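Over in TrEMBL, the protein carries these features:
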type: DOMAIN; residues: 45-661; note: domain 'Major facilitator superfamily (MFS) profile'
type: DOMAIN; residues: 469-524; note: domain 'Kazal-like'
type: REGION; residues: 300-324; note: region 'Disordered'
type: TRANSMEM; residues: 40-59; note: transmembrane segment
type: TRANSMEM; residues: 80-104; note: transmembrane segment
type: TRANSMEM; residues: 110-132; note: transmembrane segment
type: TRANSMEM; residues: 220-250; note: transmembrane segment
type: TRANSMEM; residues: 270-294; note: transmembrane segment
type: TRANSMEM; residues: 354-372; note: transmembrane segment
type: TRANSMEM; residues: 392-412; note: transmembrane segment
type: TRANSMEM; residues: 424-444; note: transmembrane segment
type: TRANSMEM; residues: 549-576; note: transmembrane segment
type: TRANSMEM; residues: 588-611; note: transmembrane segment
type: TRANSMEM; residues: 640-663; note: transmembrane segment
Amino acid sequence: MEISSRENTQFFSNNAILPVDRSSFKSESSASKEKQLCCGGIKIFLGALSFVYFAKALSGSYLKSTITQIERRFDIPSSLVGVIDGSFEIGNLLIIILVSYFGAKLHRPRIIGAGCLIMSAGTFLIAMPQFLMGRYRYERFPSTINSTISISPCLQDKSQTPLSALEKSQAKINAGCEKEAGSSMWIYVLLGNLLRGIGETPIQPLGITYIDDYAIEENAALYIGCVQTVAIIGPVFGFLLGSLCAKLYVDIGFVDLDSVTITHKDAQWVGAWWLGYLIAGVISVLAGIPFWFLPKHLPKPESRKDSSTSSEQSKFITEDNKEQHKSYQRQVKIAEMAKDFLPSLKNLFGNPVYILYLCASTIQFNSLIGMVTYKPKYIEQQYGQTSSKTNFVIGLINIPAVAFGIFSGGLIMKKFRINVLGAAKLSLGSSFFGYLLLLSLFAMGCENSDVAGLTVSYHGTKRTTDYEQALFSECNSGCSCSKNDWDPICGENGVTYISACLAGCQASNGSGKNTVFFNCSCVGTLESPSRSSSAVVGPCQKGNECPKMFLYFLVVSVITSYTLSVGGTPGYILLLRCIKPHLKSFALGIYTLAIRVLAGIPAPVYFGVAIDTTCLKWGSKRCGGRGACRLYDSSALRYVYLGLTLVLGTVSIFFSVAVLWAVRKRSSPQDETLSANRERGACGAKSRKDNFVNSDHLIQTTYWPEKETRL
């Protein structure tokens, strides 16, 4: 500490901006001018960084809100959507160590500005397929398209032709069309999200450390709190933007909307998912502009010049006797920084509390990232809600609960002056009660909708045979229907039929959304077999109890979000107090790297694979092959989605218990008393001198990587 203090004294005494003898020669006017310059520069950086946090949080949350739209637009399964979502983390993985370690010694503001441009380029690339591929085509019976010709859905005139022959003929006609433009356009979305991940990487480690280095000590916590508060607004606007775009038809501005025969409640509906990415890309460009005009260094605050802890960047500035008057412009020797890399890495991984907390966080983020990624899909399929309403609810209810939970965690830490052991207990208690509340969601599900041939038979009994065989019955035996079609209609008996043909409908009246089918032989078999009945376009609504269950789900979900978020700030403080101050940025980079690689990339993929196993009816691509899932088994989806989340959460709790044990073992009663009185913590096996963390590092109670995903 004495060496560090002496180096800092020499560092600032040689600055051309500051006089050598501050106590003797600096006038009050020059001190006031310097203070104004310092405060003005850091506040400009604070405003710019807050806007960048807003931009990256908005685009990231908007991607989550468009998961189901992308799945339907490109006719891909949930597992592939998970790969697309995980490509963001792959982008982070490519450069995060380089940025975290070497970026802190270079021109940090310009690196952040370059990251914003890359992030905006990736966002624009995601929207590009809309302008390269053809118009969206959905499955509809010809009579539902605006036409004056009435066609029989049953197609009895083709009843002499075997079904297999019809399908083979159609497959032969469409042979080779899989190679047409648009069949693999989802690759643009994947690459765009990859670029987003690369561009977002420097914002987190470099922005926070820049504020910590140049902010006045007593204002550091306030500034970082402002950044995180603005960042919370980003996901709110992201999901609200997703809600708005989900109501607009995908080809709005390209087709006549009066010719669209489906509504936003239909399983085939795709909203204007691309529009939000254009908006987010423009915001990212604007957010990056100020950083190109900010300086590499700011004047050190007067109150921190005599501090025993120097800035993180100043520890790596090379001494050069020939440039004593240009200390802020000294060149960094890459070889010397690289030489210190392995010892720094060994120091981090030799800390048992850091390693255990890293394991607990990684497993917990597997649980939370998977849950949040598919939460919109779960609400849509389990409770029969539209994409627009789902995104609106998440953005307006869940995310504010997360923000309030993070704020409450920091407030509790400050109010009760909780030491490092208390922080470990609070983090563990938050996770335990949060997952305990999540357990109650198993009882708040909806039963499967009555779909003839899938969830119920045509005679009203539960499905007992293979669905491909159960789709056909005596009531539609005279029709030439395809099992691959998905054009649901709702019979007046409250049962959904996969298509008008499979419902045995002989005639139709009207056009578009107002089409009504008559003489449907299968509709009348449940209650009055002797009478044929009518049906309307679109699936039937869920049962009467489902809206009530959805309200219960929202209440428990909000409480769970708040409870889990309370433990985020104490856990992060625990992480900070277990590492040396000069390794802060590097430790956060390794921490974020582990979350990206071991949670952010695999979690959406294996969650998607598990969810795909609950599909009852797969869509069929226009050129053949399996498309996106049209109908899920509600009960199976509930047990897979919630069960996987709880299993991972339970494992993370065991690691949190191990963290608490390690902290308790390495913290003596004297250390705990000093921590409570002076807000200091010690978590390593080394001396308290090595583990001392100054208050300017401890007051960062509001920063939490990837907190916007913990819903």
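Each residue, glycine too, has its Cβ placed from N, Cα and C.
Curation plays no part in TrEMBL annotations; they are all automatic predictions.
The structure displayed is predicted, hence computed values, not measured ones.
Using a Cβ-Cβ cut-off under 8 Å and counting only residues 6 or more beyond its ends in the same chain, the transmembrane segment (220-250) has close neighbours at 42, 46, 49-51, 53-62, 64-66, 69, 73, 130, 136, 207-208, 211-212, 257, 260, 264, 269-276, 279-280, 386-392, 394-396, 399-400, 402-403, 406, 410, 696, 699-704, 707-708. The transmembrane segment (549-576) shares more Cβ pairs under 8 Å with 424-444 than with any other stretch in the list 40-59, 110-132, 270-294, 424-444, 640-663. Helix first, then strand, then coil: DSSP counts for the domain 'Kazal-like' (469-524) stand at 10 helix, 13 strand, 33 coil. Residues 352-353, 356-357, 359-361, 363-364, 366-368, 370-371, 374, 378, 420-421, 424-425, 427-428, 431-432, 434-435, 438-439, 441-442, 574, 607, 610-611, 613-614, 683 of the same chain lie 6 or more positions beyond the ends of the transmembrane segment (640-663) yet place their CB under 8 Å from a CB of it. The transmembrane segment (110-132) shares the most Cβ pairs under 8 Å with 270-294, out of the stretches 40-59, 270-294, 354-372, 588-611. The highest tally of CB pairs under 8 A with the transmembrane segment (40-59), across 270-294, 354-372, 424-444, is held by 270-294. Using a Cβ-Cβ cut-off under 8 Å and counting only residues 6 or more beyond its ends in the same chain, the transmembrane segment (354-372) has close neighbours at 64, 348, 431, 564, 571, 574-575, 578-579, 587, 590-591, 594-595, 598-600, 602-604, 606-607, 641, 644-646, 648-649, 651-652, 655-656, 658-659, 662, 683, 706, 709-711. Same-chain neighbours of the transmembrane segment (424-444): 364, 409, 412-413, 418, 549, 552-553, 556-557, 559-560, 563-568, 570-571, 574, 638-639, 642, 645-646, 649-650, 652-653, 656-657, 659-660, 663-664, counting only residues six or more beyond its ends whose CB sits under 8 Å from a CB of the stretch. Mean predicted confidence for the domain 'Kazal-like' (469-524): the pLDDT average there is 82.
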